[in-house]
Amino acid sequence: MVPAVNPPTTSNHVAVIGAGAAGLVAARELRREGHSVVVFERGNHIGGVWAYTPNVEPDPLSIDPTRPVIHSSLYSSLRTIIPQECMGFTDFPFSTRLENGSRDPRRHPGHSEVLAYLRDFVREFKIEEMIRFETEVVRVEQAGENPKKWRVKSRNFGDISDEIYDAVVVCNGHYTEPRHALIPGIDTWPGKQIHSHNYRVPEQVKDQVVVVIGSSVSGVDISRDIANVTKEVHISSRSTKPETYEKLPGYDNLWLHSNIETVREDGSVVFKNGKTVYADTIMHCTGYKYYFPFLDTKGEVTVEDNRVGPLYKHVFPPALSPGLSFIGLPWQVIPFPMFELQSKWVAAVLAGRVSLPSQEEMEDTKMFYLKLEASCIPKRYTHLMAELDSQFVYNNWLADQCDYPRIEKWREQMFYKVFKRIQSQASTYKDDWDDDHLIAEAYEDFVKFPSNYPSSLIEREYTS
């Protein structure tokens, strides 16, 4: 059911935490709805996880709570999993080519191109004027004297600010605080361990035997990245059958195994398939935790086994809505358009243009959790949208709430295509495709937005 869309009635003072892609589009949408916005960014630049740095944390596993935190988890060779046409916000196409050809022309561009796109976005919509750089949010809580207000404490080079806001939108990302595999015997295993958060270049493991834990797209991508400089790479996957043992095509030194059974003091790693290797390094490509160390909700919002909840539609905690919201929690999605639609919804709700259900109705989210449990789906997969159509059903629901056009069919079909290519041609999918007709449809749409994609380039690209 689509709610009634009303004229905006309220202008709020809103704090946005984080100047990555989610925070940037949230700031734009909030201001479009007439809100006053302050974006808090602890770094000195925009981009969040897309701002590459060669620096790594001193603790290679990123376990030490006192460590200096490096926000980005990018490695040097990383290219986008999703084609550039899909990546962009719906009204600001992802342009990777200037007239002089000075930018990355690949359909799956490198991470620096994504950061360049976000900088273009900031420039086009004058977002930088809303950002407080080098300002870390250290505490967010309801203002005691007025629970409908929010107290935000922030730190800038030792100076503490204490301010009151009408609403807080949390956009701090979830690719900074690593998750780790639990490995029997690891306390006495003599080799090195590293989380992929601290992986940058293959030379870090040159001439070594490496065991990579995790067979997700990023785990396999990193394994291929290091295979040319290592002696051997062994991928451990918990999603394969116990007897799994196979050499991956295109490499003489890259194997896929089932899960690790145990590791031993002599440096050996024993897999459930019975194979044993002597490894120098174990690399954890095991994902990340949702982490909000600044947020105090008196237990209304918790993170339990990587479930942030309870949240209505992954965004609003029923007991604290609409003053507190989260953008960007779902994963295995096309992120930027989803961030945009979530932000439109939050901005419209805060403006009074769109209404939320009652708290009781929103608490039906608990039934959703019970259904997951009944289906034996672990809590850590609450925000996973791995089923091919689930994210588009969700995106279209968000669009309907705001009376905004649904996600384009070409974008949806393009995502399906790339997903199939990943499964059938994992080593070549970024440079070999069969959906030129969808690219043409995308460029036809891009003509509507000439500010970021000159029409001369559009015509040349989809007709060449």
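In case you wondered, yes, glycine gets a Cβ from its N, Cα and C as well.
Feature annotations, courtesy of Swiss-Prot:
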- Gly18, Ala19, Gly20, Ala21, Ala22, Gly23: FAD binding site (BINDING)
- Gly214, Ser215, Ser216, Val217, Ser218, Gly219: NADP(+) binding site (BINDING)
*Any idea what DSSP makes of Ser218 (NADP(+) binding site), helix, strand or coil?*
helix
*asked:* Using Cβ atoms only, which residues of the same chain lie under 8 Å from Ala19 (FAD binding site) while being at least 6 residues apart in sequence?
replied: Val39, Phe40, Glu41, Gly43, Ile46, Gly47, Gly48, Ile131, Phe133
*Please list residues from the chain of Gly20 (FAD binding site) whose Cβ is under 8 angstroms from its Cβ, counting only those at least six apart in sequence.*
Ile46, Gly47, Gly48, Val49, Trp50, Cys171, Asn172, Gly173
*Show, in sequence order, which residues other than Gly214, Ser215, Ser216, Val217, Ser218, Gly219 on the same chain lie with their Cβ within 8 Å of the centre of the Cβ atoms of the NADP(+) site.*
Val220, Asp221, Ile222, Cys285
*Taking every protein chain shown into account, which of the binding-site residues Ala22, Val217 has the largest tally of Cβ atoms within 10 Å of its Cβ?*
Ala22
*Do any residues at least six apart in sequence from Gly23 (FAD binding site), in the same chain, have a Cβ closer than 8 Å to its Cβ, and if so which, in order?*
Val16, Ile17, Val39, Glu41, Gly48, Val169, Cys171, Asn172, Ile327
_Cβ within 8 Å of the mean position of the Cβ atoms of Gly18, Ala19, Gly20, Ala21, Ala22, Gly23: remaining residues of the chain near FAD_ = Val16, Leu24, Val25, Ala26, Val39, Glu41, Ile46, Gly47, Gly48, Cys171, Asn172, Gly173, Ile327, Gly328
*Show which residues of the chain containing Ser216 (NADP(+) binding site), separated from it by at least 6 in sequence, have their CB under 8 Å from its CB.*
Cys285, Gly287
*Taking each of the binding-site residues Gly18, Gly219 in turn and counting other Cβ atoms within 10 Å of its Cβ, which one has the fewest?*
Gly219
*How many other Cβ atoms sit within 10 Å of the Cβ of Ser218 (NADP(+) binding site)?*
17
*Across all chains shown, how many C-beta atoms besides its own are within 10 angstroms of the C-beta of Gly214 (NADP(+) binding site)?*
23
*Where the distance is taken from Cα to Cα, which of the binding-site residues Ser215, Ser218, Gly219 turns out closest to Gly18 (FAD binding site)?*
Ser218
